[in-house]
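*Asks:* What TrEMBL records for this protein is below:
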type: BINDING; residues: H52, E53, H85, E86; note: Fe cation 1 binding site
type: COMPBIAS; residues: 132-144; note: compositional bias 'Basic and acidic residues'
type: REGION; residues: 132-184; note: region 'Disordered'
type: COMPBIAS; residues: 164-177; note: compositional bias 'Polar residues'
type: BINDING; residues: H250, E251, H285, E286; note: Fe cation 2 binding site
Amino acid sequence: MSVESLRAELMDQSLDMPRRFRALFALRSVGGDASVSALLDSLRDPSALFKHEVAFALGQMQATGAVETLKAMLRDESEHSMVRHEAAEALGAIASDECLEALETASEDSSQVVRETAVLALQRFRYAQAKRRDAQAKNARADAKAPSSPPSARPDERAGSAKEQLSASTNGHQQSLDEPDSPYISVDPVPAAPSDVPTHALRATLLDESASLWDRYGAMFALRNRGDPCDVAKALGSVLIHSDSALLKHEVCYVLGQIQEKGDGARAALRATLENQNEHPMVRHEAAEAIGSIAADDTEALLLKFRHDQDRIVAESCEVALDIMQSEISGEFVPLVVEPPRAAA
Ligand SMILES: [Fe+2]
Ligand SMILES: [Fe+2]
């Protein structure tokens, strides 16, 4: 399937959401200007779920050409907070100078999830700048013959759910500059805590409601990368039940979907989250997709129960999650075959 055909599927609002999401994942995977342009055009869509996923993809692609559109989305208070959150997170992932002012403004937004996202994105921005400065200084000192870049990532050894495999870049791994050791495909919003922090300290920070979101995120990603999956899932399940931050909880769900631990510890918490009508739809959405990625015995019944939820975001998330579950079960991650771009004449 060509990028043009994928674009047509992406834009076609008469198609079901899973089909359009597969086109979206495939465009993210192919990358390049034509894919970014298709994703930007698709943002004139009534579905908040769809728009937030497009913004997420643009951030994960670190598409500098999307910055102005993402800034406008972030500023637009008529957009759903989940969409504005994802725009802010994408700007944090891109982390170019043009992103700074919009994130500073958003760091005082009246929406808690937007505000907290912007604060984290600004911290990531400063962290990325410091890393770049360090790298430049190191390169300037290095002998011309010495290798000047860190060891490259090993895409063939990356872990990831079917959803992540479907959207993994075909142009090499788009790894965060912060985490060369992460076995996962995602560009994380916060770097994992350093490798010399012991696991018990990471766990304590993750569970500490008084710790900053930056530290808790860093602890969570470090545990995801190197902890025992069963223990990590249990700790994450506990955060899901006890935390007041919708932002933290939605990321906890996302990480549970990456880990795909089938033990009871996290699955009970994910179920309770999806069932909780008072929970932020952004959290229920990520819980639904994590449940789909885990693909346990009770997954289908649970997702079918909420596929007509009164919140459109949750209902559409369950549709997409049922499709993710099917990909997990079948092990078929590439249903949309993409033709290589034609060489320029
Ligand atoms: Fe998010
Ligand atoms: Fe999401």
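Using the three backbone atoms N, Cα and C, a Cβ is placed for every residue, glycine included.
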*Asks:* Between H52 (Fe cation 1 binding site) and E251 (Fe cation 2 binding site), what C-alpha distance do you get in Å?
*Replies:* 14
*Asks:* Cα within 10 Å of H250 (Fe cation 2 binding site): which of the binding-site residues E53, H85, E86 qualify?
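*Replies:* Cα within 10 Å of H250 (Fe cation 2 binding site): none.
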*Asks:* How many Å separate the Cα atoms of H285 (Fe cation 2 binding site) and E53 (Fe cation 1 binding site)?
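*Replies:* The Cα atom of H285 (Fe cation 2 binding site) is 11 Å away from the Cα atom of E53 (Fe cation 1 binding site).
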*Asks:* If you skip the near sequence neighbours and keep only those at least six away, which residues in the chain come within under 8 angstroms of E251 (Fe cation 2 binding site), Cβ to Cβ?
*Replies:* P189, Y217, M220, E286
*Asks:* Given a separation of at least six residues and a C-beta threshold under 8 Å, show me what packs close to H85 (Fe cation 1 binding site) in the same chain.
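*Replies:* Listed in sequence order: H52, S111, V113, V114, T117, L247, M282.
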*Asks:* Take the mean position of the Cβ atoms of H52, E53, H85, E86, the recorded Fe cation 1 site. Which other residues of that chain put their Cβ within 8 Å of it?
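*Replies:* So the additional residues around the site are A48, K51, V54, A55, F56, M82, V83, A87, E89, M282.
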*Asks:* Applying a 10 Å Cβ distance cut-off over all chains shown, what neighbour count does E86 (Fe cation 1 binding site) have?
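*Replies:* 28, counting other Cβ atoms within 10 Å of E86 (Fe cation 1 binding site).
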*Asks:* To see if you understand the setup: which same-chain residues, six or more apart in sequence, place their Cβ under 8 Å from that of E53 (Fe cation 1 binding site)?
*Replies:* F21, L24, E86
*Asks:* For the binding-site residues H52, H250, H285, which one has its C-beta crowded by the most other C-beta atoms within 10 angstroms?
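*Replies:* For the binding-site residues H52, H250, H285, the Cβ with the most other Cβ atoms within 10 Å is H285.
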